[in-house]
Amino acid sequence: MEASQSQASANAALNPHPNPNSNYTNNSNSILSSTPVWPTIDGPLGLSEEESLAYARRFYKFGYALLPFLWAINCFYFWPVLRHSRSFPRLRPYVVSSAIGFSVFSVILSSWALTFAIGGEHLFGSTWDQLVMYNVADRLGLTGWS
Amino acid sequence: MAQNQRPKSLLDSLGEEIIRILTPVSICMLLVVLLVSILNSSSSLYVTSSIATIAYSETGSDSSWDKFIGALLNSLVFVAVVTVATFILVLFFYLKCSKFLKIYMGFSSFVVLGFMGGEIALFLIEEFSVPVDCITFLVLLFNFAVIGVLAVFMSKMPIIVTQGYLVLIGMLVAYWFTLLPEWTTWVLLVAMALYDLAAVLLPVGPLRLLVELAMSRDEDIPALVYEARPVTHHDSASRPVQTRIWRERQNARLDSEDSSSLNSDLNSTVSIVQSSHNGARIARVEEGQVSQRDAELSAPLIDHRMDAQDGLSTESLMLEGMGLGSSGAIKLGLGDFIFYSVLVGRAAMYDFMTVYACYLAIVAGLGITLMLLALYQKALPALPVSIALGVLFYFLTRFLLEVFIVQCSLNLLMF
């Protein structure tokens, strides 16, 4: 197996194609604009543009049900939409809002988690012991295996 | 380096496809070995009760023959349960209760990811004393479980997310299986390999029935199966693989079966994978494995029972077996992932030397199975060859090789 192909294939095996243009012999994109043909990160294996609209909208809406990971998945899946700012105008609002939602949520959650972890007992007093997970698990007997 | 026009040989694409199926199997095995070595450093005094130990609970003081007979009884019960579960799946599939199967599978995978994943996360948190609070933990766990359910069979997600979740489900169930007593685990592995062989190749085997039913109706079998990304070729005279769309996996479902007994819930995982609508390629799926949990109606106990879930039965369909997808990608059932990882995890409980030996044996078995798959072009059981080699090499290493290597090391001959 030639080394270059094996490496490209190995990269393709483990990482989704970050640049869908590399797979196409379709030369309708000029070198300068490079608008991607496929809106998803999977390239030709992913969704077409019409289906993508439905998916992007659904992911965005369901993310409000305390599922910020769905927003993250939305951004990851439609990464070409985020990267090329003038492509897929119908998809872009959903993906951008998902990105904003995910960042806001992760800021809130990480600040709370870090405060909890770093502040510890000094800050919270006795409630730290009540809130921390390993005590909760012991109290409720959740790890009754061993 | 050579000219671009050199025709690609079968070896180029075959090597790539093999790598794409070996990588997730290896990752799953590695994760299970890591979990086992982190969490089992203190020998657990309690034995988890489950369907796999219903006939006999192994204690440390029994004689070898008793243990062997007990393990045999346990495995027979287990295989019987799996057979019944598979036949029930065939029945449901025959009666076209697809919606029910799909909902059940979703429920099962949610329980596997949520509860088992949560328990293992709690073990890790306790082991490393991570100061995470319960709110953060719950939010993260909830997200993880819901997205897992969506990724595995409800919605189209990035391929790598789906593959990652399948590997994680395999890892969680495999870790659970390593908690069984030792003799039971080994006899169970052998029994499942034999069952796999029978169920796939015999004309009366449930999996074969299922595959034929699905092929005659031209439907997809509900199952959890790992499908490798199809290899694309950059030739100008490339095969149509390059532009073929990833096959819609609307049939992946989990199958679960409700146990009627009060105190035991069955998680049976049976998965069947079916692929290919094109005549030449056949997808094969095998049945999955059964994992059981005991449900206690009372409050969670602190003893050896698993955590209480009233009346919950979780079953997931896992696939054992290999086949070729409609786009030519290789498909491997999740049951295979699980049993390979169980073997390696159990080997890890002894020593790392057995881990290396068993890993190489399993990979060799998988390679042989892939070659047979290319040769026979039909669904094949992926368990027998690998499990046979793995078990053989485990016992050879443990009883023969280790003595040799230890003596060599002690006498400074070879390290």
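From the backbone N, Cα and C atoms, a Cβ is placed for every residue, glycine too.
Residues or ranges marked as transmembrane segment in TrEMBL: B:21-39 (among others).
According to TrEMBL, the transmembrane segment annotation covers B:68-94 (among others).
Residues or ranges marked as transmembrane segment by TrEMBL: B:103-124 (among others).
According to TrEMBL, the transmembrane segment annotation covers B:130-153 (among others).
The transmembrane segment feature in TrEMBL is assigned to B:160-177 (among others).
The transmembrane segment feature in TrEMBL is assigned to B:183-207 (among others).
Under the heading transmembrane segment, TrEMBL lists B:356-376 (among others).
Annotation comment: TrEMBL describes B:382-406 (among others) as transmembrane segment.
Cβ atoms under 8 Å from those of the transmembrane segment (B:356-376) belong to residues 14, 18, 21-22, 25-26, 29, 322-324, 330, 340, 343-344, 347, 382, 385-390, 392-394, 396-397, 401 of the same chain, restricted to positions at least 6 beyond its ends.
When Cβ-Cβ distances under 8 Å to the transmembrane segment (B:160-177) are tallied for each of B:21-39, B:68-94, B:382-406, the top count falls to B:21-39.
The stretch from B:68-94, B:103-124, B:382-406 with the most CB pairs below 8 A to the transmembrane segment (B:21-39) is B:103-124.
Here the transmembrane segment (B:382-406) has Cβ contacts under 8 Å with residues 186, 189-190, 192-194, 196-197, 286, 320-322, 332-333, 335-336, 339-340, 343-344, 346-347, 350-351, 353-354, 357-358, 360-362, 364-366, 368-369, 414 of the same chain, all six or more residues outside its ends.
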